[in-house]
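To keep things clear, I will list the structure first and then write my remarks on it.
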Amino acid sequence: MKKIELGHHSEAAKPDCIKALIVEFITTFLFVFAGVGSAMATDSLVGNTLVGLFAVAVAHAFVVAVMISAGHISGGHLNPAVTLGLLLGGHISVFRAFLYWIDQLLASSAACFLLSYLTGGMGTPVHTLASGVSYTQGIIWEIILTFSLLFTVYATIVDPKKGSLDGFGPLLTGFVVGANILAGGAFSGASMNPARSFGPALVSGNWTDHWVYWVGPLIGGGLAGFIYENVLIDRPHVPVADDEQPLLN
């Protein structure tokens, strides 16, 4: 079992941490910009249809795959739930995870404010539960979808025994994100990412059901990270050094 390291505030001044935070901000910004932008475009062009859902799923799949690959300096988390899953697996310190969460929320907010400006004040679509879907059902949806996302991250990127999958992790993770949006988009919205939900809610001022997209993804991501690392991976404990980069690759 890997030990969770608290870290130290001195990490924030280390060059590797600063670089990681810059890259994490850029990749999360671009991910949210493309993801929310695709949702705004499809809503304007085709409305709330199956074609629109498919287009949004494909856009998210591609941008997740590319941004994880491009974000090798930070690990390309893009998502507080991914960061939590890696934290509970012992791959990032508590302090650096906290910095990542702030980074991700700021990046998402900046992307959505810019989208609102560039589209002449169009509303940023928020994640809400579909009619007839209860809070409990929505949370379970998000737990399962985010669990599958983190399970894929561990199986294809983190696991040292990934073998022939080495190098394909970002692409396969993107596929899972797209598939999950197709599966759950019509019911819970398939957020899987508190930061992805936070930016649009902040810009639109619509916080309806917003807490669901923190509770569900954080539980699902945390469970997947803890279970995969401590049950499915067999290796001795190696403490996280202060200057260690929390990479996914």
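Just so you know, the numbers here start at 1 and follow the chain as drawn.
Just so it is clear, glycine is given a Cβ too, placed from its N, Cα and C backbone atoms.
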Per Swiss-Prot, Lys14 shares membrane side with Ser197: no
Recorded stretches the transmembrane segment (167-187) and the transmembrane segment (106-126) touching, at least 3 CB pairs under 8 Å: no
Helix, strand and coil counts within the topological domain 'Cytoplasmic' (71-105) (DSSP): 21 helix, 0 strand, 14 coil
Recorded stretch, among 21-41, 138-158, 213-233, maximising Cβ pairs under 8 Å relative to the transmembrane segment (106-126): 21-41
